[in-house]
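Note sheet for the following structure.
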Amino acid sequence: MVKHQPLQVYERQLCLSCITGIYGCRWKRYQRSHDDTTKWELLWSLILLFTFCLLLVWFYFWWEAHNDYNEFNWFLYNRSGEWSDGTVPILATTAAGFTYIAFLMVLALCHIALGQQLNLHWLHKIGVTAALLTTIVGVISVNQTWGQEWDVIPISLQATGPFLHIGALAAVTALSWIVAGQVARAEKTLFQVVVVLLYLSVLLGLYVVPLYITSPCIMDPDNLKPRPDVIGHQGAPMLAPENTLWSFQRALQMNVTGLEADVAISTDGVPFLMHDLTLRRTTDVGTFFPDRRMDEASHFNWTDLQQLNAGRWFLKDDPFWTVHTLATRERELIAKQSVCSLEQLLKLASYHNATVVFRLRRPSPEHPCYHSWINDTLNAVQQSGVPQSLVMWTPDEHRAQVRQLAPGLIQTSVEKRSPQSLQKDGISRLLLRYNQASMREIRDFSETHINLTLYTVNEPWLYSVLWCSGVSSVSSEAPHILQKVPYPIWLMSPSEYCLMWVSADLISFAVVIGIFIFQNYHMIRYRTSGMRSYNPEQIMLSAAVRRSSPDINVMKEKLIFSGQPQ
């Protein structure tokens, strides 16, 4: 009688089949291998790891850059001349690429955990290469066109650093299961020592990272300064077309303390509100003046400007994807908006006792008001009847003359200077982009009684960080969002943070030690149990794994026959 004993690889292992099949297209049992990964495949594993890390940073960058998506789209508009949301394809491809590469990383880790040879399929190699090259091109492009935005990463780490540390610690702690398994199965002492030292160095590095994490939100809550004032940047441009009366009215409904606008001068000396150099994005100038659609906005007179509609473009382009949230009455009001003059804005602000800060753009040398632009603007301020104490004057030209004609204006600078220099020139306010002032500089301005306003702040996390830093006010395109932030998103005292940090480290260390002990105990028990058995065909297969023979596949498919005659 003959007894049939199947090979171990014939056991049903659906999970293993899926893992090896998806990763390396090795669906058949005999295609699996426990041999060491080749150097070529190790190189591809390193490329996969590098691509994953690069995509992780790229994904994090675009996640935190949400605060400045409108700025990015405006940069694209200036280059192409057509308005579109350029962040949509970038976010879609980034999310798809990151998901794909992360999935391959998980499969690779599963191969290591199961002791399988890494053998990435050539289609996946093409995909990894495409993802890597696309990300590199994206990084280079952003660096050339929008380089200042990289500052969002260190700033955002002030809000996310403590929590990213916990997440990284949890991930590395979980990897200890794979590392411990590799060390327990390895037969070379040198390999075991190298792997353990490498892993422990990464782990210990994470344990001490909090020593280098700085965040203004790690502070005594009793030292938290009052909530920063919110200034409506171009009104409330997420809810209404920018620089229109309705946009400023919507901002005032959100309890802003001030309004910010960009001011140009018409050919007949009327200051009006316009952010772009031309009128083609935010008005229907192509309908009324098709031959002048590329002309600068300041080359029109006020009569011509009043004919233009400044609201319908908002309903058509939907720059912030918010039109669907508006009521029918709001859409009707938006469709009737026209170009707003500075005088109209000042009268509205005076009625609501709101501060006004405007950036005055000097016209070109051939403009009729090239020399009188300061006086024309001062005349508009005086004719509006707004109290001078509500107007923040930003142009540096002719400040001495402005002080004589309107001594009550709040002298404001948009150029970063030292507190001593500002005080010397009698400037009490400073308007900067949020990445232009560090925590120490914010503290220095506060101590010297320089009122610092940072723009453009749209995200609650950024608002919270600046609040904890001690900023007195921010300029925002999203006052309706910041209105819902009555307190910083998170605030911890140094003792609370230290307790969280030390507790996480201790738990991680205990889990790692436990996993290493369990894995070694399990492997020792397995080796001493005598369960492993070898047979001639298995030995021949192992010896012939690197030889090309037509009999090898046959051997892998055979059953081992062992029996005793009865």
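In case you wondered, yes, glycine gets a Cβ from its N, Cα and C as well.
TrEMBL entries are annotated by machine, without manual review.
Database features (TrEMBL):
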- 228-486: domain 'GP-PDE' (DOMAIN)
- 42-63: transmembrane segment (TRANSMEM)
- 90-114: transmembrane segment (TRANSMEM)
- 126-143: transmembrane segment (TRANSMEM)
- 163-183: transmembrane segment (TRANSMEM)
- 190-213: transmembrane segment (TRANSMEM)
- 499-518: transmembrane segment (TRANSMEM)
Given 42-63, 90-114, 163-183, 499-518, the one sharing the most C-beta pairs under 8 Å with the transmembrane segment (190-213) is 163-183
Of the listed stretches (42-63, 90-114, 163-183), which one yields the highest count of Cβ-Cβ distances below 8 Å with the transmembrane segment (126-143)? 42-63
For the transmembrane segment (42-63), the distant same-chain contacts (Cβ-Cβ under 8 Å, at least six residues beyond its ends) come to 87, 90-91, 94-95, 97-98, 101-102, 104-105, 108, 118, 120, 125, 128-129, 131-132, 135-136, 138-139, 142, 149-150, 152-153, 156
